[in-house]
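Per Swiss-Prot, the features are:
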| type | residues | note |
| --- | --- | --- |
| BINDING | D128, D157, L158 | S-adenosyl-L-methionine binding site |
Amino acid sequence: MRHDNDSWDITTSVGSTALFVAASRALEARKPDPLAVDPYAEVFCRAAGGDWAGLFDAGADPKPDHVLFSEFGEQFVNFQGARTRYFDAYFAAASDAGVRQVVLLAAGLDSRAYRLPWPDGTVVYELDQPRVLEFKREVLAERGEQPVAQRREVAVDLRDDWCAALTAAGFDPARPSAWLAEGLLMYLPATAQEALFSGIDALSAPRSWAAVEESVPMPAEVFAYKREEERAAGEEGTFFTLVYNERHAPAERWFGERGWAAEPTSLADYLTRVGRPAPVDDPEFGAMISAIRLVTATKG
């Protein structure tokens with residue numbers, strides 16, 4: 001169960017979800033027709049060791065009961081491939097528009113500073129818990145990897161004064177910026193999401209961009225059942241006990257009321273657009289597909 005001042009590293013609580021997502025991206029990259037290729041996703045899983053490394057060991061059978069090799073896992077990998085492709089394209093468009101400041105909120109194991117073809121002069125600010133950033137930095141440094149853009153770590157909890165920490169790291173609010181909140185909002189209570197959006201708006205000059213992944217809350221009784229099901233299966237801390245199921249202002253409306261032009265895309269529509277199944281009627285995965293929207297906004 002979450003509490004207001006909890007913290008984590010890469011293998012505990014919210015931090016462990018970054019490994020789950022990285023494993024999904026790595027499995028997507030192994031497909032003959034991947035939607036996105038993250039060459040570092042498998043590297044992070046191997047560095048974490050244990051079951052995470054075991055998913056990719058040559059000649060070893062994956063754990064037969066690992067969720068990523070279930071029907072749900074297959075759909076989740078499709079989702080991660082599509083989500084990665086969408087936000088990669090978002091950054092390409094922002095870069096083409098002349099934006100040279102990028103902010104990754106709750107960066108986790110995002111490797112875009114290393115794998116995207118950033119224009120010269122681009123600075124990528126990565127905000128996350130100190131131990132999460134440390135893990136990523138050490139793993140990639142050990143391999144001799146160098147970021148394409150200038151990468152600046154901002155070790156801060158997004159429930160604290162992250163705006164001050166970001167500007168102290170060199171971020172210039174007078175210049176256009178591109179923001180990303182990917183796989184983040186569900187881990188924030190509604191009040192924290194409001195504060196996050198307000199911070200983005202306050203620090204964004206005209207011609208800035210913002211992209212978020214958001215979801216509609218589940219019915220309370222369904223959410224309570226899912227939490228109890230997770231506990232009963234001995235999987236507490238996997239997902240439902242980590243997220244907040246609170247109603248919040250939709251990103252399209254919130255940014256639109258403040259002078260941004262926001263365009264939402266449903267996950268189901270985007271999956272179809274990129275040639276992946278969108279089983280909205282599936283009893284296990286359908287609710288998630290139907291609930292998620294990917295939103296891009298630009299500030300006039």
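Using N, Cα and C of the backbone, Cβ positions are placed for all residues, glycine too.
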Inset, instruction - Let me know the DSSP-derived helix, strand or coil state of D128 (S-adenosyl-L-methionine binding site), please. - result: strand
Inset, instruction - Starting from the Cβ centroid of D128, D157, L158, which together make up the recorded S-adenosyl-L-methionine site, report each further residue of the same chain whose Cβ lies within 8 Å of that point, ordered by sequence. - result: L105, A106, L127, Q129, V156, R159, D160, W162
Legend entry - Around the Cβ of D157 (S-adenosyl-L-methionine binding site), the count of other Cβ atoms that are within 10 Å: 16
Inset, instruction - Please determine which of the binding-site residues listed here (D128, L158) has the lowest count of neighbouring CB atoms within 10 Å. - result: L158
Legend entry - Binding residues D128, D157, L158 (S-adenosyl-L-methionine) - maximum C-alpha distance in whole Å: 7
